[in-house]
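Here is what TrEMBL records for this protein:
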BINDING   Lys357  ATP binding site
DOMAIN    330-593  domain 'Protein kinase'
SIGNAL    1-33  signal peptide
Amino acid sequence: MLGISHFTYFSPVVVESLLLALLLVGSFSPVECFHFNYPLFNDSTENDFHLMRSEIAVDAIHVTPDFSGSPITNFSGQALYKRSFKLWSESKGTASFNTTFVLRITPRTDPGGEGLAFILTGRATLPENSEGKWLGIVNASTNGSAENQIVAVEFDTRKSYMEDLSNNHIGVNVNSVYSIKQANLSINLSSGTAITVKVQYDGKILRAFVGTQMKAPAIALPINLSDHLPQKVFVGFSASTGNHTQLNCVRSWEFSGSSVDEDPDLLWVWIMVPVTVLVSGVAFYFSWKWNCGKQEEEEDDPRVEQQIQGSSTAPRKFRLKELKAATENFNSKNELGKGGFGTVYKGFLKNKEVAVKRFSRNSHQSKQDFIAEVTTISNLHHKNLVKLVGWCYEKRELLLIYEFMPNTSLDKLIFCKESDVENRITLNWETRYLIICGVAQALDYLHNGCEKRVLHRDIKASNIMLDSDFNARLGDFGLARIIQLSDQTHHSTKEIAGTPGYMAPESFHTGRAAVETDVYAFGILVLEVVCGRKPGDQSLNNKYNNGIVDWVWEYYRRQRILDVLDLRLNGVFHKEQTEYALMLALSCCHPNP
């Protein structure tokens, strides 16, 4: 049967054997690393933290808040992630970790004080009388005691004692407020602006990077944390004020740590798994041989080729063997990306680079999407659309061949991980604005420049490809539908089509796609490009929320809309263009555009 996996024909014995082998191996797979990521903080995240005199408000953790109306002089607070992190074990040694956070310190007096610290501690309690120079870490009676079980990376904004280098330095503290190593910072901690900090520990050396320059650490200290901390620790932040005050905020936070959990006795697994796999393998081989013989009798669906070749503008049809040769038999080293549809490979056809999109056989919609993509895009010609070079349908394989885009997809550049800071390309404002304009021109062509209007239905960053000059090319027309300009204004479907986060709220209720739903997705895309952050998505029970739209609206209401700009722009942008782009995006996403 077409499109059904070989496993359909396996006997129950084969299936049960394979499942047993998978269960045996899966039951003892390595424990996942300790990880969490908070792009922002709100009421829904509050229960994830021990908040000791700290508060979550305005999308941030305020370690020393001023929302209650009480004065914040001589104040201290802590905010710790509730789940403990196993830092070390007797058998596996000390774990490594990598954490990135954005802090914002705003003086309330001139000068401000005292400071903020990232901490690892064995106790989820705030020391009494830890305000002032004690930074919420220790107090006068406990300072220097090994019983504190705390290590801190401090960001000190006040010279509180003689040994402090200055009122703008970083230091590493162990069970004490007195740093064992410190360094002055070139960036002003008390500027009231967002400052990115990365703290890394490889089991031997603790490093901290501050600001936009992440190539060299601001401070590095060889230290064995297991000498000072218990096996399980809490991670988080502490801060304090004295007679001089400041707001100490954490706007976002990501933490990843390796696992040092003990392994169970796996001897019996190493005995049983090979035996089970061997038996399953023999059964698999004979069942596979029988399936191959049966499926060789099956033929390709002739309707696919009929519908494509029926189009007068159908592109060239390629042979499967040509595409196998072009991609080195779909070698994984040539993979450009994966999605729900299947996999895209880089290939060479007649010494020209191409992108080969191979549809997954497991997708129920793959043939429909395949035909839609070929017949739709073959009739379209615009500089901001990805060009379709050809197609192939052979031996139940569905493949599309596109021109190759050397600068990959937009999402990989605006959502790149902090861990990839050495290799990433940061898009400047001119390039981002060019991309926004390019996508707008492509969308205008689809809606108003074609003989028949085309609804794309899946506009998102991963479907925007960038050529060698970073010009935007809209691609992936698998969900696209053609509607008549005269008597049809929308496309209706029983199944919701599109990507959550980019879909207009009404589409979840009506199931209808229209020009307005494409425009809504374009608005989300513009916000992503300007802000450098991902949208929200659909929550349970079809309750729709979109974090990025609400977030930008909030800053607009405060008349601080330019505060939403991607920090990687480093403040270099065209003010009028930026404001225009943001207002355009909010208009596209408005309930009554």
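Just so you know, glycine gets a Cβ as well, placed from its N, Cα and C.
Where the annotation comes from TrEMBL, it is an automatic prediction and has not been curated.
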Mean pLDDT across the domain 'Protein kinase' (330-593), rounded to an integer, is what?
82
Please report the three-state DSSP label of Lys357 (ATP binding site).
strand
Show which residues of the chain containing Lys357 (ATP binding site), separated from it by at least 6 in sequence, have their CB under 8 Å from its CB.
Phe341, Gly342, Thr343, Val344, Leu399, Leu400, Ile401, Tyr402
